[in-house]
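Here is what TrEMBL records for this protein:
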- B:13-249: domain 'ABC transporter' (DOMAIN)
- B:253-503: domain 'ABC transporter' (DOMAIN)
- B:319-339: region 'Disordered' (REGION)
- B:529-552: transmembrane segment (TRANSMEM)
- B:564-587: transmembrane segment (TRANSMEM)
- B:607-629: transmembrane segment (TRANSMEM)
- B:636-654: transmembrane segment (TRANSMEM)
- B:674-696: transmembrane segment (TRANSMEM)
- B:724-747: transmembrane segment (TRANSMEM)
- B:753-770: transmembrane segment (TRANSMEM)
- B:782-802: transmembrane segment (TRANSMEM)
- B:808-826: transmembrane segment (TRANSMEM)
Amino acid sequence: MQTSSTSPHPALSATLVDMLRTYGPAIGMLGVLVVFAILKPVFLSPANIANVMHQSVVLIVISFGLAVVMSMRGVDLSVAQIADGAGLIAAILVLNGQPLWLVIAAPLAFGVGIGLVNGLIAAYVGVPAVIGTLGMMFIIRSGELMMTNGAEPQILFSLPRGLTRAFFFIGQGKIFGISALVLLGILIFMIMLAVMTFTPFARRAKAVGGNARAAMLAGIDIRAVFAGGFVIAGLLSAVAGVALVSRTGIAVPRGAEPYLLDAFAAVYLGTLLSRRAEITIPGVLVGGLFITFLGNGLTLLGLGAPFRYGLNGAFILLAMAIGALKRPH
Amino acid sequence: MSDPRSRQSETVIECRAIRKVFPGVVALDDVSLAITRGEVHALLGQNGAGKSTLVKILTGVYQQDGGEVRIGGEAVRLRDTRDAEARGVAIVHQDQQLVPQFDVANNILLGSEMTGALGLLDRGAMRERVDAALKRIDAGFSADTLVRDLSIAERAQVAIAAALMRNPTALILDEPTASLSDHEAEHLFGIVRGLRDQGVTVIYISHYLDEVLSLVDRISVLRDGKLIGTLPVDGVSRADVVKMIVGRDIAQLYPKEVVPIGQPLLEVRDLAHGHKLNGVDLTVRRGEILGIAGLVGAGRSELALTLVGALKRRQGSVTIDGRASDPATPRDAKNDGFSLIPEDRRHEGLVIDMTVRENLSLPNISRWARFGLFNPVAEANAARELVERLKIQPASIRPLTRNLSGGNQQKVVVGRWLTGNSQVFLFDEPTTGVDVGSKIEIYRQMVELARQGAAIIFISSDFEEISAMCDRTVVMAKGKIVKTFEDQCEATPEALLNWASATGQEEDVAGTSAVPADTGRVERLLSRWGTALGMVVTIAVIALLAPHFLGIGNIFDVLKQGSVLAFIALGLTVVLIAGGFDMSAGATSQFAANLAAGTLLAGQGTLAAILFGGGLGLAIGTVNAGLVLLLRMPPFVATLGMMFVAMGGTLLYNGGQALTLSGPPEFFFLGQGYVGPVPFVFILLVIVTALLHVVLKRTRLGLRMYAVGLNPVAANLRGVTKPAYAFASFAIGGLILGLAGVILSAYSYGASALATGVDFLISALAAAFLGSTLTKAGELDVVGTVIAAIFLASLSNGLILIGVSSQALPGVQGLILILSIALGVFRRRAIGQVLIF
């Protein structure tokens, strides 16, 4: 009775739009991949697929963190830089022959610490997150440059294997023939799914994202919740950064920066899979996988960075344009 | 015009049998009244009586469903507010939408600015006209005072003056005294009388009967959408008016029950907040429903919000069951045992995009949690039970609360507190806009809570329900309790209205004088000149450590380096001014630099390079504007996507190679040439900045760009709509960013292969925001931006001279960016959310 549709054929156009909403994005993503598969059959070879899955973990884990912040209408431009810094710390510790627990614990502590500072600046001081985390990104970058004497790569793969075997297992090892990194990714996905479904934090975060004032009056500590998102983002980014260095055996300062753009694309694309264009953990997983497959396909076709950037941007804009259809005004 | 009395009989506005129906409610039914020229005519009635609907029809916000409106004897159908204004009906709203950073003249004439030669604003004429209007209402401030520096009462006067500029035949004043002190209100009455003497017809809406009876000529009373009567005030007693307003409706069913009343549970002593709440004492006992009657602006909501810690307490103490309660946030208050059902359920009560279930379990979600995970089955069952208990329709926990009716929404807000350990329930206007069935359900819940031993505070301006449902009632006015009815039998609707609408002269003096004193002189100087001082000190310290820093040669070097960045920052500032955001700013300049370099390499000459570079920027800006305005994307996302696209385009264009130029020299002159000792690029910067400054501050276009950025609602009310001016800002900003790219490639003899516009972005953002802290009103400003950009360049230069590693420079810039924003926002801190969706 009170539908907002004003078109002359409400029933027909509503069904069409409904169809488009529900299946369009998924079909579109599949279509892109099918095109790659036709152009380069090797794209769908088991080896390539396993390779892409292996590669996608770092991006997906970073995107999870970004997604948590963005679901509260925040944004964290420093996620990729945190990953970068964390990886660098891990590499330097390995080079100095530190024990494995420290090699892992120190970067994670760094990620949590940066997340805390980001959260304090955004939630307690009130600096818009886009500004605060942009500033933080540059502060970390400076730190990295100074730590590495002007962006000298920290090379681990040329070290004696005895020193690096344990650390490299994270990114290169296999458990029962399955990449340990993929298993780590699945584990983190399960944990994030549980965290964002079954914890009081997730409910509160959703309320903060939906209406911060109402959430506050309902007795929610909105500042702590908002800051908490940045801490999660910091921690996950640090995990991803350590995994990246373990996978590649080298830590190049600023090497992880491109992940920022990919992560945005993954999160925005992920919203297409939800009925109300919301950010969801499974959506981010699919978005991250798609972006990695896309990059892989472009590489196979011999198309490099310009196309990746261009398509990432175009997909973000497309995702938002479709999302605009889904939301009530 | 000299003698209004002679025109007394001429009808200005006439309503004939006006009818307005909303789904399920007849808001106005057969309302006929005539307003005569030069009178002050009051519209009276309780909340929901139909006053605001009638006013909205007269101002073109709503259209009547039946009957006709005649203005000046002619039947009209008002399409919108501008149509109404054109026909001489102007309204001054209760809360004035003004642009605080503008002065009075710009605020009043926004949308109808006066221009002189070259399209420049004729400030002299504007000031003159506005001062004349201000004089008409005897204002104590001038046309060039910043609205930011005015009191609430003075802002109301600005609004009245703005309405007068349109030479209205009838001026509607909607609750003009609700947030004024007695002294300020008295001044306003003087203004209204003065206007009447000048022949202006005034329609005056107020709940305060005393002021109405002493001010107006005639009154019309509405009740339940019907006109009860129109009569001259001479010879009408206050009691008669109260009777007309309240009336005797068909007795509604109130499920009041007698519940044993126990020991005092909530004790409030001398509670105060700002100047809206001036020392309130309350005691509520277990099982008791305490009514708080009062009118809009009486301080009732402030009382509730202060009790739960959402507003800061100035003084006073609160105890629950003997334990002191001084919550800093609503969360602390929840733990102390408070539950608030806020006044505005859609914006403050519910998260409307969450489901019934999620809203119901929101405050106490950890109740179902163990080891950090909650049990969704138990939680859903609890929510289902509440839905059943409160008879929420539809009887499901799954729908989004946005799709529920008002009454059911309210039940959800009430229901979510029923699972906790709350002892004190604050109901703030729980039944406004709620259907009768839901009303009864809400009353029942109150009684039920009381029976369980809770203390209940029931705030309402529906005096009938207060009278019927409460055990005791207090009346608030002007932030104080003016009357306590220990015996509820005396708290009749008439008595409540009588007390609530009295002006309460003698009690007010202490209240207004208790307003916190102005901040200290030093503090004010610091907040005005702090940034500038900081810059000077920084420069001085660097000069001390590195004497070479202030050498003429070095200064001009810095100016040259800084100018390129300043150009990019200028472009970004222009976009930010109209409320946009541009993540793609740096990438756009980078792309334009490549295009310019490529154009020259292709041998097409300097002019072509400039045209292509600038054109590219303009094109990207236009696309950004299209994404934001047509597809309604948040600027952050749209320009983020555009940033990717521009980066991809850059790499595609240069093939990942640096484009190195070896000529022509006239092109390099743009970025590297000197006129005498002065770098040419700096001269160019000064010229462009001056030009932009004139456009932004001295033309209609610029003024309106600022207006839509600073307060789009205010701008819209004056007929200045956002799209046109936001488009202009994206396009002009894009053009400047493109030209900045051209200059960049002239400065660096070509274009680098990298496509990282992010570096430029942060410097430009830092310059824009740091520059804004230099201005008087704290608004974005091109001159401030340029000064800040040059400062940032000198800082980089100076730090290197001192021997700080260049690797630390990005970090320093990041830090300055955060600090410059923190300076501005710390006092009114929100949480730093961005509009992403």
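From the backbone N, Cα and C atoms, a Cβ is placed for every residue, glycine too.
All annotation found in TrEMBL is predicted automatically rather than curated by experts.
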Any contact, the transmembrane segment (B:529-552) to the transmembrane segment (B:782-802), with at least 3 Cβ pairs under 8 A:
yes
Looking at the stretches B:564-587, B:607-629, B:724-747, B:753-770, B:782-802, which one shares the most CB pairs under 8 Å with the transmembrane segment (B:674-696)?
B:564-587
So which of B:564-587, B:607-629, B:636-654, B:724-747, B:808-826 is most in touch with the transmembrane segment (B:782-802), counting Cβ pairs under 8 Å?
B:564-587
Please work out which recorded stretch in B:564-587, B:607-629, B:808-826 has the most C-beta pairs separated by under 8 angstroms from the transmembrane segment (B:724-747)?
B:607-629
If we skip the immediate neighbours and take only residues 6+ beyond the ends of the transmembrane segment (B:564-587), which ones have a Cβ under 8 Å from one of its Cβ atoms?
617, 620-621, 624, 628, 635-636, 639-640, 642-643, 646-647, 650, 671, 681, 685, 688-689, 692, 696, 705-706, 708-710, 712, 722, 725-726, 728-730, 732-737, 739-740, 743-744, 747, 755-761, 763-765, 767-768, 771, 779-782, 785-786, 788-790, 792-793
Averaged across the domain 'ABC transporter' (B:253-503), what pLDDT does the model get? Just tell me the whole number, please.
88
Residue counts in helix (H, G, I), strand (E, B) and coil for the region 'Disordered' (B:319-339), per DSSP?
7 helix, 6 strand, 8 coil
